[in-house]
Every structure is written in C-alpha cells, then in structure tokens.
Amino acid sequence: MSNRRETRKAAQDFIDNLKPLRRPNSEKIFIEGSRPDIQVGMRQIHQTDTRIVNTRGEETFEANPPIKVYDCAGPYSDPNADINVRRGLPKLREGWILARSDTEELNSASSNFTQQRLADDGLDHLRFDVLPKPRRAKAGKRVTQLHYARQGIITPEMEYIAIRENMARDEVTDEQLNRKKPGEAFGALVSKPITPEFVRDEVARGRAIIPANINHPEAEPMIIGRNFLVKVNANIGNSAVTSSIEEEVEKLVWSTRWGADTVMDLSTGRYIHETREWIVRNSPVPIGTVPIYQALEKVNGIAEDLNWEVFRDTLIEQAEQGVDYFTIHAGVLLRYVPMTAKRVTGIVSRGGSIMAKWCLSHHQENFLYTHFRDICELCAAYDVSLSLGDGMRPGSIADANDEAQFAELETLGELVKIAWEYDVQTIIEGPGHIPMQLIKENMDKQLEHCAEAPFYTLGPQTTDIAPGYDHFTSGIGAAMIAWYGCAMLCYVTPKEHLGLPNKEDVKQGLIAYKIAAHAADVAKGHPGAQIRDNALSKARFEFRWEDQYNLGLDPDTARAYHDETLPQESAKVAHFCSMCGPKFCSMKITQDVRDYAASLENAARSEADSVQTLEVGAAESYSKAESYARAGMDKMSATFKQTGSALYSETHVEAALSTEKEPV
C-alpha cells in the first residue's frame, strides 16, 4: 500500500473510531452561567498531594488544588459526548440564534455553485450526511455580535465568553499559586476580571470580535482582542496534489486537541465545497477561509478571469455553509504593486499575488476594494467577520517594514472603518517576516492606523535561515508581537515553505504557538495567567513528576523524555532526574538545607527558657544551618571533581540506578 493510501486509511480509521480525547488526570467540567443553557466547558487538571515529613519522621499530606485550563476541544474532550463525525456536533448556539427572531430559514441555498454541487449525483459519496438548511438575516436586520453590542445587548455568547476567559480563577486562593510578576501591557486593559459587560463594550468599540456565523451554531463562543487571552489559529486544507476529506477532518479534531482557538480551511484542491461542509459541521471552534482561493478554482486557476459575480457567489456559498470569518485582500491596490518590484521576495501572499495579477492584467482597481461595501452588506446578513488580508506582507526580513507593506496597512485602516458602518466585526492581518528590532513598529502602526481593531499575524518570522524549524523562528516573533498587543497568532509549522503539514506538524506548530501566546499573557500581566506556571513549578520542586507532566502543554512528550533515561517506576517518585542525578539535584539540596534548618530551629525553640533565649537559639540554628549547607556544598564539589568535572554526567544516574540501597 502506498504512503498516500496508508495515510488516508489511518485518517478513515481515526474518524470511524473517534472517541472523546482524554488527558491524564484531567476531567471536563462545565460552569453554568445565569441560565441553564449557558454551560461553559473547561478542563480541570487534578494534582496529587504534597508529602511532608516532619523532624520526627512523621509523614503527612497536603492537598494541592485542581487547576482549570482553557479548553478548545469542545465535545471532543467530553467523555459523556456521543461523537459521530457523520452527524456533526451538537448545535450549542441554535436556541440563542432562534430566540433573537431576526433570522429566517431558507428553503434552498442562495449560491448558484452550491445548487450545482447538490444537483450532481456523482458527489453523493463525498457529501456530508445531514446537510442543514441555511439561515440569513430577515430583511432590514443585522445579526452581528457587533450590532447587538452597539445596541447595549449582552448576548448569551458574551456571557459565555466572560466565564470562559476568567477560567474560575477567583476559586484559586493559594497564595503561592496566585503570585505573579508585574506585567507590561503596553496600554492593554488586562488587570481586572472579565465581565459580560466588559465583553460587550470591547466588541462595541471594535477592539474585539466574536466570530460566530449564524450558520455555525456548533461553535463555542470565543473572543479575539488584545484585552483578552491571546488566541492561536491553525491552518489546514487539502491541495491539488495531496490530502483528503478524511485527513482534513482528522486534522481539525487534532488541532482543537492541541489548542487551536480557530481553524482556517485553506483548501485549494478538488472538492473544496464538500471538504468545508464536513469541517464546519464538526468544528467546535470558528472556521475561517480565504474565498479567493475557491473563486480561482471556479475560473480554472486563471486569475485574469476572476470577476465580482464569481467572487460574490463564493461568499454566499461559504457564508451559508457556516464560515465564521473571511480573509479578504481588499488592500492590494493597483498603485501599490510597483512598490514591490525591488523586493527580494516580491509578493508572497497567495491572495495578494492573485489580486495583484488581476489588477495588472486589467489595469483596473482591485474589485475587492471597489466592491467592499457590497462585501460588508453580505457579511452583516450572516455575521461573518472580516479578516483584512495583508497581501503586501514581506516574505523575507530583507523586505520588512517597507513602503508597500505600510501603504496597504493604511488602506486596511480605512476599510475597517467602512466595515464598522455595516456592523461587521473586523480584524487586521499582519506579517510575515520581520526581524526582532522592527516588530514593535508593526504593532504601533497597526494600532495607530486601524483604530485598535484586533491584529492577527503570521508569526512574524524573525530570521530566514532555518527551513524545517520555522515554528521556532516565527514563535520568537509571535511571542514578542503578542506581548506588544497582537490579539491572535496564526501558527507556523515545521513544514512552512516546504510542504503541506501532516498531523505531527500541526501539533508541533500549535505547541510552539501556545507557548508564545501564554508567554505573552504572562508578560502582559493577565490575571491568572501565571497560576499554571506556579502550579507546575511547585510540582517540580516537590518532585511530583506526574503532576509536572499533566500540567504541561504536552504531557505525553514530557513523560516520554523522562522515561528515556529513567523508565523505572521508582523514578516516578525519585527526587532527581537524569540531568544532574541524585547527588547534584539543586532542588533536592535546597530541600535538605531547608529541612535541616527547620529541625535546628525547632530544637532551639524547645530548649528556650525565654524569648531572649529563643532568639539567640534561632540565630545559632541558622548559623549552624549555613555551616551544614557549606559542608554539603564542599562535599558535592569534591565529588564533582572526582568524577571528571563533567557538568552533566550520566555516571551519577547509572550509579543511582545500579543500587536500590542508596537513599534519594
């Protein structure tokens, strides 16, 4: 069997046998809002107790509280969920949408292309099993979350988001877990608990969006804005040469498991329409697309043959399927194209290059720009958010922050204000390839020109020397720009610039970007962001190995790395790892010093006849503790020299494992 067939069969088996995805020592919990139908899912990680031995050798245990973390997997992480990919996910928001009474169900699809696909019996074997009827706003109505927010309405989606963003952090009362370093938020408002009113106000101001198409009721409400947790997008999609519907659905589920807050379907191959239907119906997160890709397929890949009518029909097709946000390259203007002539890498955006070619071939202005108000009117009828694409983004650090890039950014700032006239939620896309010293300028200019609309960047990649490792090179820039105020990061996988990512590539890209997003939340001083760090650090210091794994982003990998050198069960409770061994573990030495100092202080207290005697005894105890610590360090120093002065020596580990008699 060929590799392609094996991959497709594996994906088919994954779908056929899909069960809720479990994490070790975790459970799915739900926090109820102001009404029973607002049930906000989170993941709760249970910890083991801390073992405490007093000076008399008596053992006690101190409980460690469970840690709640943000969960993007929806029903895929709920052990009670009935998962059936052919039926799709439960329609979480359907009741909320119907209760507003401002939409209507259509008897049939409005898109000519959709009607043609449905009439083609040859596609029946690819079609999603249960196709819902599409909905649209009633005549004269706008059904966007921005419209409701401006009317002063707090929707169930907004309340859901407030609960989700807070993650019940007010339940954490442990002083050690609540410690955090002062943050630098660069003007972001991140110091207070999130309330439904705060969510409404941020959306009303255009500083945040809730991507939530009325035809995607399966999606759990989430928010994108710099005053909220930094979000991460994952790209999936088939191409003309590889991948299948089964593989893309598998990658969707896989993406949500590893923390994708949104997913963009960038399919460019056959069966784009059918693939997208499967993805939307099974997605608990918002789905984005670049409609120009499919429009180009409809004109046989000839950019010059594109026109407004084909593109408009594509927007309607995708909006009625449930796509939550469109990337539109309306800022690629005819007069900007010559600005890229002297670039090292020219125009690297697929959408940008398509529209640049169209503009030059017709010597006319970009039809996405001239029809932008029509696009907004259409989006307002379905609550499709706009992601204004950066078609002029730099494709190398040599082209960073040039005239073409910033000219387009100013145009995007003009377009976002037009979108707001139609109550259309809007975010701005950003680069790209930017060296570290130029990253902040990008964020500053975006805030200046785009009226604080959320920024959404691809990286940026900080160096061009590492093909195969661009999830690292871009993760550096992603952490920086998110700290400065970027609201959502588009992940980059190890296959960037090289090929279509597989499952493992998707995981690696997401882990890298979840690290970047979380690091930015901590740096901004986001309330509660550091709780998980503190819990893991405490577990590490107390040698609670299983808790260390489970509190991490990737427990399986952490456990596997530990077990490569210390596979024994006894090593799961040992007070050392394979890096330093039992004799050189800094944390174990620190614990020994603490314990000895405490024992001497207790002895001094018991012998004291007066307060003065107690004070003198305690001082002497600490002095003795220092002497003990010094003696211990001297002994370790001598041993270190005897073993050849190697900083990290496996000799210590092998010696520890060769005998069970030596205490650890």
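Every residue gets a Cβ built from N, Cα and C, even glycine.
With N235, M264, Y293, H329, S349, R350, G351, D390, G391, M392, R393, Y456 listed by Swiss-Prot as binding substrate, the candidate from E197, E202, E421, E429 annotated for that site turns out to be E429.
If you take the C-beta of G351 (substrate binding site) and look for same-chain residues 6 or more apart in sequence within under 8 angstroms, you find V290, I292, Y293, T327, H329, V332, G389, G391. Around S349 (substrate binding site), a 10 Å sphere centred on its CB holds 25 further CB atoms from the protein chains shown. Counting in whole angstrom, Y456 (substrate binding site) lies 20 from H497 (Zn(2+) binding site) by their C-alpha atoms. N235 (substrate binding site) falls within a strand when secondary structure is assigned with DSSP.
For the recorded site, Y293 (substrate binding site), the DSSP three-state label reads helix. For the pair formed by N235 (substrate binding site) and H433 (Zn(2+) binding site), distance between Cα atoms is given as 18 Å, rounded to the nearest Å. Of the listed binding-site residues, namely H433, H497, the sparsest Cβ surroundings within 10 Å are found at H497. Distance from the CA of H497 (Zn(2+) binding site) to the CA of S349 (substrate binding site) is 12 Å.
H497 (Zn(2+) binding site) sits 15 Å from R393 (substrate binding site), counting Cα to Cα.
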